[in-house]
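Some notes on the structure that comes next.
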Amino acid sequence: MGASERSVFRVLIRALTERMFKHLRRWFITHIFGRSRQRARLVSKEGRCNIEFGNVDAQSRFIFFVDIWTTVLDLKWRYKMTVFITAFLGSWFLFGLLWYVVAYVHKDLPEFYPPDNRTPCVENINGMTSAFLFSLETQVTIGYGFRFVTEQCATAIFLLIFQSILGVIINSFMCGAILAKISRPKKRAKTITFSKNAVISKRGGKLCLLIRVANLRKSLLIGSHIYGKLLKTTITPEGETIILDQTNINFVVDAGNENLFFISPLTIYHIIDHNSPFFHMAAETLSQQDFELVVFLDGTVESTSATCQVRTSYVPEEVLWGYRFVPIVSKTKEGKYRVDFHNFGKTVEVETPHCAMCLYNEKDARARMKRGYDNPNFVLSEVDETDDTQM
């Protein structure tokens, strides 16, 4: 093995060792420190808000019953189906009890031994079971058979009208609530996916934070707009501690951040400049930061014209410094564009400055050198004083 081959071999071993050490350091920070100090999220990766309201008085809780429609829509499916079944069974039983009372007051029950030529309020109600079945037939409108109302009692006629109207209201409300629950744009938001990790690398000569987002449906989101909020704990000059201090984070794509053409996966990025809250962070100190980056995507569903919002969040362990996303869009032989979602969240390591301040300081130094303000080739030397020429 010659000297040149040995030097190449040493360089290769050194590069592999540095990369292995970097991966081990990243794994150690993520799995050891990440587990020992689990960060609290305001927004989960799926977009659910992790917030709990405590010490809410009874008067404030009553507001939820005033806005009963929104309360029913926000119920989980198991509670909604419980309310659905309880509403129908409860109304059938309640009106069955009222029909039994009508028959009892009018002495139509067999225990009163009514004469054969006497016309009852409701024919063939012999007890609570038959009264419940008559209530079910009335409210569901399946048609009368053996039991029916006569014109003998005005109370029975009024109760029949009242139950029919109330049954229509219950049917409309409960069926409408289930239909609205199914058609909520929240379900459309499930087909919008974000990358598990955010990356920081150079893009267009600038240091950027990049996130990949994809629409799993072929139908578009009209008027899509994407933005972010950086949540962290800050202390004001007056000494006040703000737990969830919000800072606006502007995200753009190459075509701008308004009216995105969201037909294929997009890589959105935030430029880390002097106005960015990430400007003073570095690769070595990123995992030690305490922040949460919440990303929002607003748009209008093309098929229903309903507005939906998709949310996700990133904590420092989920931001990879010095990586970029793998390309996933290719062109087939048939002339179609193919998206490989197998590599949607995959990243590759790239050469990246370890801090934004270093990148911009280097650019400023180069600019000063071009203008002659900082020229290392210019050397100032002392000149000996000479006497004036004597005449």
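In case you wondered, yes, glycine gets a Cβ from its N, Cα and C as well.
The ATP binding site feature in Swiss-Prot is assigned to GLY223, SER224, HIS225, ILE226, TYR227, GLY228, LYS229, LEU230.
Taken from Swiss-Prot, the feature intramembrane segment covers 128-139 (among others), and the record attributes it to similarity to another entry.
The intramembrane segment annotation in Swiss-Prot covers 140-146 (among others) and rests on similarity to another entry. Counting residues 6+ beyond its ends, the intramembrane segment (140-146) has Cβ neighbours under 8 Å at 123-124, 164, 167 in the same chain.
Taken from Swiss-Prot, the feature motif 'Selectivity filter' covers 141-146.
The topological domain 'Cytoplasmic' annotation in Swiss-Prot covers 1-77 (among others) and rests on similarity to another entry.
Positions annotated as topological domain 'Cytoplasmic' by Swiss-Prot: 178-391 (among others).
Per Swiss-Prot, the feature transmembrane segment maps to 78-102 (among others); the stated evidence is similarity to another entry. Panel annotation: around the transmembrane segment (78-102), residues 72, 121-122, 125, 127-128, 131-136, 138-139, 153, 155-156, 159, 163, 166-167, 170, 174, 177-178, 181 of the same chain, lying at least six beyond its termini, place a Cβ under 8 Å from a Cβ of the stretch.
Feature annotation from Swiss-Prot assigns transmembrane segment to 156-177 (among others).
Mean pLDDT across the motif 'Selectivity filter' (141-146) comes to 82 in this model. If you look at the transmembrane segment (156-177), the same-chain residues 6 or more away from its ends with a CB under 8 A from one of its CBs are 69, 72-73, 80, 83-84, 87-88, 91, 95, 98-99, 102, 121-122, 135, 138-141, 149-150.
The binding-site residues under consideration are GLY223, GLY228. Their Cβ neighbour counts within 10 Å are lowest for GLY223.
For the binding-site residues ILE226, LEU230, the largest tally of other C-beta atoms within 10 A is found at ILE226.
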